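Trainee: One structure coming up, written as structure tokens, with questions to follow.
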Amino acid sequence: MDFLVLFLFYLAFLLICVVLICIFTKSQRLKAVVLGGAQVCSRVIPQCLQRAVQTLLHQLFHTRHPTFIVLHLLLQGLVYAEYTCEVFGYCRELEFSLPYLLLPYVLLSVNLVFFTLTCAANPGTITKANESFLLQVYKFDDVMFPKNSRCPTCDLRKPARSKHCRLCDRCVHRFDHHCVWVNNCIGAWNTRYFLIYLLTLTASAATIATVTAAFLLRLVTVSDLYQETYLDDVGHFQAVDTVFLIQHLFLAFPRIVFLLGFVIVLSMLLAGYLCFALYLAATNQTTNEWYKGDWAWCQRWPLVAWSPSAEPRIHQNIHSHGFRSNLREIFLPATPSYKKKEK
């Protein structure tokens, strides 16, 4: 099986896995399948190896550390290094427009600014000083966010839409999720930075993919490769087709073709997640609320007896006040003002 088929199978497998995870992330069946597979594997994998893998996974996904920030910057650096060293130079030889070639660098500069802000900004940490203020920002729905509930770890009253982050060990106002790529929680006060960071990251990947694809197409057009022929395995001359052309380009420019495949997949994944994040912003939901929304009524505390004849209390989004108001709330979040006490 040639390289192109294997590469396409790899891309298809990766995309299918991501789509299935997104679709069935709220399904109990998926959890049962994963747990069943883990139990089967535990019978054949040595205990020492299992403990090592569990320790590694715990360190990666259940503790706060900068590993994914380093990985993020490393991958971004490798992509831009390849773009600068090869794609940019070849495109200049083919007389591409300079502003067009510099656009990825502009997007990178903006992206790094908002990446830093997302990493460093306070997501909305709840403290004794701002507890009373944050309790008044959002209404309690008494389903997902009951009144008078306290965080047993922080010993603070929990404002509506807040959540305690296990990795950061703090309660976060309007908690969305903990992002390992920025090593920080995404909350009320840094969601705006996160959205712009995600938007510029998607745009930079898509721009590099577009420039790289345009270079390869220009190269094929200039060299008239479509008019050439090649000798097949049985000794017959064949006209150049798309499959042969891609394989030829990979042999001639392996790093550029691999870069193109990587940024195309990355652009698709980022674009999908960006659309999801924008949907949540437009409807004034958080990832935490979206994930728990379908069964939040049965997770209330304290637990109460439920009569079969009574209708279950389903979570409803009471915080959406229209598209403009929802976006204004994200980009101009409510923050407490601290005044010095006069003597």
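One-based numbering along the chain as shown.
Glycine is no exception: its Cβ is also placed from the backbone N, Cα and C atoms.
Marked as active site, S-palmitoyl cysteine intermediate by Swiss-Prot: C179. The annotation domain 'DHHC' is assigned in Swiss-Prot to 149-199 on the grounds of sequence analysis. The annotation motif 'Di-lysine motif' is assigned in Swiss-Prot to 340-343. The topological domain 'Cytoplasmic' annotation in Swiss-Prot covers 24-67, 122-193, 277-343 and rests on a curator's inference. Annotated topological domain 'Lumenal' per Swiss-Prot: 89-100, 215-255, in sequence order. The annotation transmembrane segment is assigned in Swiss-Prot to 3-23, 68-88, 101-121, 194-214, 256-276 on the grounds of sequence analysis.
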Trainee: Near the topological domain 'Lumenal' (89-100), which residues from the same chain, at least 6 beyond its ends, have a CB less than 8 A from one of its CBs?
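Mentor: Sequence-distant neighbours of the topological domain 'Lumenal' (89-100): 211, 214-215, 218-219, 222, 256.
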Trainee: What is the total of other Cβ atoms whose distance to the Cβ of C179 (active site, S-palmitoyl cysteine intermediate) is within 10 Å?
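Mentor: Taking every protein chain into account, the count is 19.
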Trainee: Are there residues at least 6 beyond the ends of the transmembrane segment (101-121) whose Cβ is under 8 Å from a Cβ of it, and what are they?
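Mentor: Distant contacts of the transmembrane segment (101-121): 69, 72, 76, 80, 83, 88, 91-92, 179, 182-184, 186, 189-190, 193-194, 196-197, 200-201, 203-204, 207-208, 211.
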Trainee: Tell me the residue counts in helix, strand and coil for the domain 'DHHC' (149-199), as DSSP assigns them.
Mentor: 9 helix, 16 strand, 26 coil
Trainee: Determine the mean pLDDT over the topological domain 'Cytoplasmic' (277-343), rounding to the nearest whole number.
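Mentor: It averages 73.
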Trainee: Going by DSSP assignments with H, G and I as helix and E and B as strand, what are the residue counts for the topological domain 'Lumenal' (89-100)?
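Mentor: Grouping H, G, I as helix and E, B as strand yields 8 helix, 0 strand, 4 coil.
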